[in-house]
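Q: Dropping the structure in here first, questions after.
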Amino acid sequence: MAGILAWFWNERFWLPHNVTWADLKNTEEATFPQAEDLYLAFPLAFFIFMVRLVFERFIAKPCALGLNIQANGPQKAQPNAILEKVFTAITKHPDEKRLEGLSKQLDWDVRSIQRWFRQRRNQEKPSTLTRFCESMWRFTFYLYVFTYGVRFLKKTPWLWNTKQCWYNYPYQPLTPDLHYYYILELSFYWSLMFSQFTDIKRKDFVIMFLHHLATISLITFSYVNNMARVGTLVMCLHDAADGLLEAAKMANYAKLQKLCDLMFVMFAIVFITTRLGIFPLWVLNTTLFESWEIVGPYPSWWVFNLLLLLIQVLNCFWSYLIIKIACKAISKGKVSKDDRSDIESSSDEEDSVLPAKNPHNPTTNTNGTSGTSGTNGYLTGGPCAEEH
């Protein structure tokens, strides 16, 4: 075990040439980031999760009820023992051959059976009230941490001159404000990593998991080798748009379409500006070129920049989704349901619920949830936002 730890904490990987861990030990004159500081993030992540539960129950839920958002989930599918057995024991997404077989067995038309399976899948989805509470919690946290980050950074020299991130590196002291900022962000993303398995399941689960993993790795890497200054720029920049996304989702769940559209437009502008403009031209420029000029590359420097480039790839992917949604909004006159939605719904012409022998029977709505016409779903996370 000692040999594995010695290999993992090899100074030639983590630190620049001629720098040792002994050089970065805390003294009476200066405090530096220590790897063991990061253990604090685990109990804090659990604490944040507990705070979230209390917040959603005693603050977000009353707000949702005040906006007439009810706890009703999607409308339940008509009870049918044969279809239920197929759904639970065989598949939730029957193929064309199985649909035709069920159609003959039940004497239902294929379209009605498809609707039954769609409704049955939606039946397991959370209510609009649950989604509103989740979005309100994220909105509150993102607003707080972004506000804190701006207030902290405006007093630092490296916000105005990014070369300050590398002067005297890695002998840059750790201030209490910087330490708090880092541990808070790391704890929050650890809480998201764990709660992702219990939160609303979305189509981009794997992408968001990858995003959270890359974010945690970046925060950990930059703290351990004292790249904390540039790390604060990355965190604050990626927090800028996340609150607007959650605000748009809350407006959608409350059926405030105009407010939803406005918040989404603001979110799209901020997201694309910060992540496709400022991030590569400002942050990647300093981590790739200014640091090379002032400090020079070393093994963990390469890993850190590769992680930043991975984050940028995710930013490009989410920007594509945002632009796609914006194009649909222009054609429809409002923000439409996005490709990462947490609930399925049928198209306007497929709104029948009750299957019948006669495919021309009158139909009723199958959306099964309120507010599905807006930004219903986690548009970009989370990412990044979920992102980062």
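Just so it is clear, glycine is given a Cβ too, placed from its N, Cα and C backbone atoms.
The domain 'Homeobox' annotation in TrEMBL covers 83-127. Under the heading domain 'TLC', TrEMBL lists 130-331. Per TrEMBL, region 'Disordered' is recorded for 338-388. What TrEMBL records for 38-55, 180-198, 205-224, 260-282, 302-323 is transmembrane segment.
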Q: On average, what pLDDT score does this prediction assign to the domain 'TLC' (130-331)?
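A: The predicted confidence over the domain 'TLC' (130-331), as a mean pLDDT, is 93.
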Q: Treating G and I as helix alongside H, and B as strand alongside E, what does DSSP give for the domain 'Homeobox' (83-127) in helix, strand and coil?
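A: Taking each residue of the domain 'Homeobox' (83-127) in turn, the totals are 33 helix, 0 strand, 12 coil.
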